[in-house]
Amino acid sequence: MEEMTPAVAMTLSLAANTMCESSPVEITQLKNVTDAADLLSDSENQSFCNGGTECTMEDVSELEEVGEQDLLKTLSDTRSGSSNVFDEDDVLSVVEDNSAVISEGLLVVDAGSELSLSNTAMEIDNGRVLATAIIVGESSIEQVPTAEVLIAGVNQDTNTSEVVIRLPDENSNHLVKGRSVYELDCIPLWGTVSIQGNRSEMEDAFAVSPHFLKLPIKMLMGDHEGMSPSLTHLTGHFFGVYDGHGGHKVADYCRDRLHFALAEEIERIKDELCKRNTGEGRQVQWDKVFTSCFLTVDGEIEGKIGRAVVGSSDKVLEAVASETVGSTAVVALVCSSHIVVSNCGDSRAVLFRGKEAMPLSVDHKPDREDEYARIENAGGKVIQWQGARVFGVLAMSRSIGDRYLKPYVIPEPEVTFMPRSREDECLILASDGLWDVMNNQEVCEIARRRILMWHKKNGAPPLAERGKGIDPACQAAADYLSMLALQKGSKDNISIIVIDLKAQRKFKTRT
């Protein structure tokens with residue numbers, strides 16, 4: 001009989017803090033321990049920013065502080081009374097009368113020793129796993145083997161999950177390579193700001209929903225070879241920015257409704273994935289999911305699709321706002337393996353990877369070559385009136401709402417499906433009140449700089465507090481960007497979401 005591969009089991013207690021309370025609990029991510037030598041080094045000697053970036057106190061000390069007092073004064077002046085000055089609005093027409101972070105605690109066990117699971121369990125705060133990881137192998141760091149997930153299942157009786165890790169044969173002379181395993185999900189670190197700026201009315205809105213839903217792993221990884229059927233979902237975190245025009249009602253409706261419409265569409269796709277293999281690529285699947293979601297919300301706003309109303313069990317066919325009201329929508333689903341961005345309009349999502357700002361959306365402007373051709377082919381006109389505008393009115397070629405400009409202005413989004421990288425620093429979602437006065441690169445560099453400066457000044461917050469609500473470092477970055485945009489002359493509402501993609505930032509000091 002062939003000798004069975006040795007296995008180690010560990011039991012974890014997880015919290016199902018999602019919108020679907022009845023959904024099974026599963027291990028969503030395990031840390032890839034191919035770099036165990038780095039992970040096991042002394043914490044005081046680590047030069048790690050959770051993505052291969054070295055951060056030293058000297059580096060942070062060099063970050064510039066100039067202009068902060070001027071910005072604070074600008075913000076104070078703006079909040080005390082915004083000037084009602086005419087500017088180039090999006091619309092020239094009728095205006096309607098609004099992760100807990102997981103510490104990387106690692107246990108090295110000799111290959112021949114016995115394991116006691118009770119000794120390997122880390123502290124759990126409010127039912128959420130704060131830290132756990134097991135590496136089985138030789139005591140020498142250089143010889144720690146790569147672990148491979150075989151099973152990640154759920155014990156229905158105890159609401160716990162068991163992970164079985166297959167170990168390389170002790171007689172093997174080489175390490176297992178090329179396998180991908182996941183670390184347990186980290187609560188996202190985010191900060192937001194949304195200010196009226198120099199406008200007479202606030203028409204922006206935003207939505208943040210950490211741990212919003214469970215994403216089928218087949219929508220992210222496909223039928224990955226060697227992946228256990230028990231590892232079925234990853235936790236998705238939702239972020240969205242909506243820049244209204246002609247009034248605030250459409251943006252507000254998108255803020256309250258769009259992520260739930262997305263969850264409904266993903267739930268429908270889940271059923272299809274369970275029943276059959278669609279054979280579609282993941283990009284195509286996400287295109288369909290977000291397009292259906294955006295069209296549903298647009299139909300509800302227009303009154304063509306029934307929508308739920310508070311205090312009534314029946315759905316109503318009633319327009320949310322007048323035909324001249326609309327909104328942009330840029331939303332992001334962030335999970336441990338991918339970022340999925342869907343955009344309709346001229347709000348924007350930008351990823352800072354390494355030292356490069358990577359736009360994950362492209363503004364829908366009427367003078368964009370493909371958009372210009374689409375509008376003209378539909379019988380519309382792009383007229384130059386304080387910039388390119390559809391029929392001289394709307395300064396974007398796609399939006400949710402704006403019934404009076406259909407079919408020239410459409411609610412169909414463009415979707416970007418982006419795998420995560422170790423070098424990912426932060427993700428910025430913002431309305432054009434920011435992007436009109438600052439470019440992608442400077443926004444990303446400033447956001448990262450302010451995050452690092454906050455950590456230099458305040459240190460790392462307690463592990464149990466991270467991920468619970470707004471992250472103060474991200475909030476500092478968002479606030480600073482909004483003040484800087486005002487100082488640079490932004491005339492629009494400004495809404496910004498800063499998401500720190502580094503689960504944990506550590507600094508080494510030089511003596």
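Cβ atoms are placed via backbone N, Cα and C, with glycine included.
Per Swiss-Prot, the features are:
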- 1-22: signal peptide (SIGNAL)
- 189-501: domain 'PPM-type phosphatase' (DOMAIN)
- ASP243, GLY244: Mn(2+) 1 binding site (BINDING)
- ASP243, ASP432, ASP492: Mn(2+) 2 binding site (BINDING)
- TRP385: site 'Lock' (SITE)
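Following the DSSP three-state reduction, the secondary structure of ASP432 (Mn(2+) 2 binding site) is helix. Mean model confidence for the domain 'PPM-type phosphatase' (189-501) is a pLDDT of 92. Using a 10 Å radius centred on the Cβ of ASP243 (Mn(2+) 1 binding site) and all shown protein chains, the other Cβ atoms total 29. All protein chains included, TRP385 (site 'Lock') registers 12 other Cβ atoms within 10 Å of its own Cβ.
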